[in-house]
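The following feature annotations were taken from Swiss-Prot:
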SIGNAL    1-18  signal peptide
DISULFID  Cys22-Cys33  disulfide bond
DISULFID  Cys27-Cys42  disulfide bond
DISULFID  Cys32-Cys65  disulfide bond
DISULFID  Cys52-Cys73  disulfide bond
DISULFID  Cys67-Cys79  disulfide bond
Amino acid sequence: MNVLLLMCAVTLMVCVSSETYCGSQLCGEGYCCTGGHFRRQCRPLADEGQQCEKENKYNDYKLGCPCKGGMICSDIKYCQKL
């Protein structure tokens, strides 16, 4: 039983440490880093009609990316053309 618990703990530590945390410097142009604390990934900037978040100085996005150029993120958090 103790061996099984030890194996589970080691497996969990390896899985957590092997995930790559994305930051704004790691995502290519046209992408942003979005998601929760443990599940951040690079996603494309939002297009018209897609869910978005307004740009912020911290490049910290939880639910979606800012809009592509020429669009704004409306108050209801969807991209629309200017």
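In case you wondered, yes, glycine gets a Cβ from its N, Cα and C as well.
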Once the DSSP letters are reduced so that anything not helix or strand counts as coil, what is Cys67 (disulfide bond)?
strand
Here are some disulfide-bonded residues: Cys22, Cys27, Cys33, Cys65, Cys79. Which one has the most Cβ atoms within 10 Å of its Cβ?
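When each Cβ's neighbours within 10 Å are tallied, Cys65 leads.
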Only counting partners 6 or more residues apart, tell me which same-chain residues put their Cβ under 8 Å from the Cβ of Cys52 (disulfide bond).
Ala46, Gly64, Cys65, Pro66, Cys67, Cys73, Lys77, Tyr78, Cys79
Need the DSSP three-state call for Cys27 (disulfide bond) to compare against my parser.
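Cys27 (disulfide bond) sits in coil per DSSP, no helix or strand.
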Cys67 (disulfide bond) has how many other Cβ neighbours within 10 Å of its own Cβ?
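Excluding its own Cβ, Cys67 (disulfide bond) sees 24 Cβ atoms within 10 Å.
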Where does Cys22 (disulfide bond) sit in the DSSP three-state scheme?
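For Cys22 (disulfide bond) - judged by DSSP and reduced to three states - the answer is coil.
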Taking just the CA atoms, what is the gap between Cys32 (disulfide bond) and Cys42 (disulfide bond) in Å?
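It is 5 Å, counting Cα to Cα.
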10 Å Cβ neighbour count around Cys32 (disulfide bond)?
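Cys32 (disulfide bond): 22 neighbouring Cβ atoms within 10 Å.
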Give me the long-range Cβ neighbours of Cys42 (disulfide bond): same chain, 6+ apart, Cβ under 8 Å, in sequence order.
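Listed in sequence order: Cys22, Leu26, Cys27, Gly28, Tyr31, Cys32, Cys33.
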Please state whether DSSP places Cys52 (disulfide bond) in a helix, a strand or coil.
coil
